[in-house]
Amino acid sequence: MGEKVDVVIIGAGPSGCAAAHRLASIAPDIKIEILEARDRVGGRTMTIDLPCNRSGEVDQWDIGGQWVGASQTDVMQVIHDFHFETYPQPYKGTKFMQLGKSNKITTYSGIIPDMGGLWGALQMAFYLWKLERMCKKVSIADPFSSPVARELEGHTMASYSAKYLTNEAAYQSMDVAAKAVFGSNASSVSMLFFLAYANSSGGVSKLLESTPGSAQELPSGKTFEASYVISTLPPNLLLKVEFHPPLTKATRFVYENLPMGYYSKYIVVYDKAFWKDRGYSGEIVTNGGDGGGPLSVVFDATTCRGTPALVGFIAGSADVKYSQLSKDARKEAVVTALSKFLGDEALNPIHYEDKIWREDPYSGGCPSNHAQPGPLSNFKDVRLPFHRVHFAGTHTATEWNGYISGAIQAGKRAAVEVLHRFRPASISQELLKGTAYDPNPPMLPKGCHTCCVKPLLGCTLGILAVAIVIKIIYNSVGLA
């Protein structure tokens with residue numbers, strides 16, 4: 001017999017910590033055990049110390065989840081409750097874009113880039129208008145219930161976009177967006193899932209199901225016997241967990257079609273913000289240029305203390321390529337690519353640091369899981385309880401799915417579900433909204449969130465041709 005607890009939570013990332021906090025807040029006497037394979041909390045959020053000058057002093061940067069915005073209510077509530085501080089993302093100045101067959105580098109000010117002239121702008125305007133309308137009909141809670149599911153089933157972001165975007169720059173912006181948001185090329189991301197995802201935005205070795213308790217067996221041999229389990233593991237890791245009785249074939253099928261993205265994040269620290277001296281914002285959106293370079297999106301990462309830095313991502317097929325190189329080789333590739341946009345001063349950083357999230361055994365990739373093309377009729381199962389096991393994690397969120405805020409929302413929801421079964425008198429009907437035990441579940445698709453593409457992409461008909469990836473990040477950091 002193992003140590004007896006009321007609830008075991010697997011994972012001490014934002015979702016697991018939110019679940020524990022909600023449990024303890026409502027039922028202070030409940031016995032909780034959080035199991036975390038890493039030697040730290042945070043999951044795919046991770047703050048690291050890096051040299052900030054040549055004297056050896058250090059400053060802090062996020063090598064995982066970084067940006068939050070005012071519309072992300074769950075994470076903003078945590079920031080308020082725990083008296084954390086935020087600071088604005090720098091964005092003023094000239095920006096760079098490299099999209100289209102010619103790979104020509106262009107510049108623009110404000111937030112409207114050159115999309116290849118009037119025709120490209122008109123194409124993008126119509127396409128975003130169409131996505132706006134379609135997105136309102138797709139819910140992350142059950143994408144397949146949407147009236148547009150049949151039209152989109154089997155389509156990737158790339159194949160569907162190709163029907164409407166003959167302008168190469170506009171078409172490639174969808175690929176950059178997919179890399180930035182999912183860590184995957186647009187050719188691998190389900191279009192139906194993309195719309196559902198957009199709509200949501202405005203080592204433990206065995207999991208043993210037994211009666212009456214669920215047991216957690218650790219690699220060390222230590223076992224916990226719990227009344228309930230909350231798992232925050234992403235689908236790609238849940239597939240490695242042994243459930244008794246086993247998960248249904250339908251649920252496993254969903255997990256198998258929700259891979260994690262290929263994503264590396266890098267921080268490049270400099271003596272001074274030379275790009276600002278030249279009137280540049282530090283923002284770059286690129287298809288990688290000739291030869292398929294490492295860059296996709298780059299932003300100013302100057303800290304609140306004023307230490308100059310740039311942050312960017314190597315994503316999708318580029319991450320597969322560059323993750324096989326040494327760290328020094330990746331550094332050389334990144335700074336060389338940066339110099340083509342920002343000048344030779346980019347070649348001499350104080351420090352370069354990166355993290356290949358695909359190599360993290362307890363994440364298996366970053367930034368989030370995404371659906372591949374195919375039937376999503378059982379996608380709703382990702383958040384349904386399995387016997388005494390309840391599921392959290394940002395992939396189960398119905399608001400800001402894939403983001404820190406979504407992870408927190410999902411953790412709180414799973415905690416309420418457990419308490420409803422364990423201490424039903426402690427849970428009000430109001431708290432049950434959005435859970436598996438919601439007495440009045442929303443009708444789909446009428447119950448879909450109305451934030452749709454506009455909050456995620458930050459697009460309006462008044463801003464016709466803004467590159468999609470820019471709008472995604474702008475909204476995430478509260479600039480849109």
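Each Cβ is built from the backbone N, Cα and C atoms, and glycine gets one as well.
As annotated by TrEMBL, FAD binding site applies to SER15, GLU36, ALA37. DSSP gives ALA37 (FAD binding site) a coil state; it is part of no helix or strand. For ALA37 (FAD binding site), the Cβ neighbour count at a 10 Å cut-off comes to 16, with all displayed protein chains included.
Look at TrEMBL and you will find 217-419 tagged as domain 'Amine oxidase'.
The number of other CB atoms found within 10 A of the CB of PHE313 (substrate binding site), across every protein chain shown, is 25. Sequence annotations record features per position, and here TrEMBL assigns substrate binding site to PHE313.
Put simply, the two farthest-apart Cα atoms among SER15, GLU36, ALA37, the recorded binders of FAD, are 15 Å from each other. In this model, the domain 'Amine oxidase' (217-419) carries an average pLDDT of 92. The two recorded residues PHE313 (substrate binding site) and SER15 (FAD binding site) have their Cα atoms spaced 24 Å from each other. Annotation for SER15 (FAD binding site): spatial neighbours GLY43, THR232, ALA392, GLY393, THR394, ALA407, ILE408, ALA410, GLY411, ALA414, criterion Cβ-Cβ under 8 Å with sequence separation of six or more. DSSP assigns SER15 (FAD binding site) to a helix in the three-state reduction.
Cβ neighbour count for GLU36 (FAD binding site): 20 (other Cβ atoms within 10 Å of its Cβ, all protein chains included).
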